[in-house]
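Notes to accompany the following structure.
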Amino acid sequence: MALDKSVIPLPLLVVVLLVLGWAQPSLGGESQAEKFQRQHMDSGSSPSSSSTYCNQMMKLRNMTQGWCKSVNTFVHEPLVDVQNVCFQEKVTCKNGQTNCFKSNSKMHITECRLTNGSKYPNCAYQTSPKERHIIVACEGSPYVPVHFDDSVEDST
């Protein structure tokens, strides 16, 4: 009789674990492509020289929760133009991987750098609007940007 009591919860446990496994991605898990867009895309605006742009955007895009991200770049171009970089000039990533691509043309970006002495929870950023070639790492099917690797002044 004790055996019967232990057998009933096991299938229930299996069902619960399966449901949690299927539901997990929809419970806030974000793909690398979605994370790239959240952290780097700001298509609806122009590069800003406003000293508050980076402070506001870094907080709004959840990059100051628990710590201050030291550097981040926002791209002010249509998403499709940034996605098309994945089919442009292939370059080696800073970490040595070979899935990086450099934009053929310069793009409008804003670079955010943590100011000296700034510490969590009071993250303060210097805002620098620029026009540069961007380098992104691409993966997946469809092939899309998943990591902002760098920006460079010229195309060489």
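Including glycine, each Cβ sits where the backbone N, Cα and C put it.
The signal peptide annotation in Swiss-Prot covers 1-28.
Among the features that Swiss-Prot reports, substrate binding site is placed at K35, R38, K69, S70, V71, N72, T73, K94, R113. Around K69 (substrate binding site), the same-chain residues at least 6 positions away in sequence with a Cβ under 8 Å from its Cβ are M58, M63, L114, C123.
Cβ environment of H40 (active site, proton acceptor): N72, T73, F74, V75, P145, F148 lie under 8 Å away, each six or more residues apart in the same chain. Swiss-Prot lists H40 with the feature active site, proton acceptor, giving similarity to another entry as the kind of evidence.
Annotation source Swiss-Prot lists disulfide bond at C54-C112 (among others), citing similarity to another entry. In the three-state DSSP assignment, the secondary structure recorded for C54 (disulfide bond) is helix.
Marked as N-linked glycosylation site by Swiss-Prot: N62 (among others). According to its DSSP assignment, N62 (N-linked glycosylation site) is coil.
For C68-C123 (among others), the entry in Swiss-Prot reads disulfide bond, with the evidence type similarity to another entry.
In this view, C138 (disulfide bond) is surrounded by 20 other Cβ atoms within 10 Å of its Cβ, with every protein chain counted. According to Swiss-Prot, the feature disulfide bond maps to C86-C138 (among others).
If you take the C-beta of C100 (disulfide bond) and look for same-chain residues 6 or more apart in sequence within under 8 angstroms, you find K90, V91, T92, C93, I135, V136, A137, C138, D149. DSSP classifies C100 (disulfide bond) as strand under the three-state reduction. For C93-C100 (among others), the entry in Swiss-Prot reads disulfide bond.
Residues or ranges marked as N-linked glycosylation site in Swiss-Prot: N116 (among others). All protein chains considered, the CB of N116 (N-linked glycosylation site) has 7 other CB atoms within 10 Å.
Annotation note: H147 (active site, proton donor) sits in a strand segment as assigned by DSSP. Annotation comment: Swiss-Prot describes H147 as active site, proton donor, evidence class similarity to another entry.
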Nearest to R113 (substrate binding site) by C-alpha distance, among the recorded positions C54, C86, H147, is C54
Counting across all protein chains, other CB atoms within 10 angstroms of the CB of C123 (disulfide bond) number 21
Rounding to whole Å, the Cα atoms of K35 (substrate binding site) and C112 (disulfide bond) are apart by 17
Its Cβ having more other Cβ atoms within 10 Å than any other among the recorded positions K35, R113, H147, the winner is H147
